[in-house]
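According to TrEMBL, the feature ATP binding site maps to LYS45. The annotation domain 'Protein kinase' is assigned in TrEMBL to 16-174.
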Amino acid sequence: MSRRGQAKEDQYVGPYRLEKTLGKGQTGLVKLGVHCISGRKVAVKIVNREKLSDNVLQKVEREIAIMKLIEHPHVLGLYDVYENRRYLFLILEHVSGGELFDYLVNKGRLSTKEARKFFKQIISAIDFCHSHCICHRDLKPENLLLDDKLNIRVADFGMASLQPEGSLLETSCG
């Protein structure tokens, strides 16, 4: 019950009940979502269109288009997109291990075996992206997430670019 004696009303996006906030990014809030029938957990990225410039909104739409093209075990999955006039809701794979950055800060130096495992997974994901003419352009430990078994998921394709084979990028970023 809230302070005024009323029960807090659950919020839903499609079949997903929104729960705790997982994080806040440059373009929106990320909340835990739970499917009301299966109980599957997802991350719901909530983007308020009204608070973004046209340029940033185009980046978000490009990120969605690119993520729809990628299905790889070491790339964060985009399951669905819901939208209304005010918001975009990206239904993303939920991974519970946090960022590689935090893992490295907490653990310190990695063993050769663990570093090799992470490196192979990152290279596999990026090679797959490149084979589909996708350039991530913002690869850093904060954009590498870990699942519950400490497997890598490359995330945040907001700076990504679709590059036709043989062409060169003309803008810098990162």
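Note that Cβ sites are derived from N, Cα and C of the backbone, with glycine treated the same way.
Automatic, uncurated: that is what TrEMBL annotation is.
Note that the structure is predicted; figures quoted are calculated from it, not measured.
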Averaged pLDDT score, the domain 'Protein kinase' (16-174): 93
LYS45 (ATP binding site) in three-state DSSP notation: strand
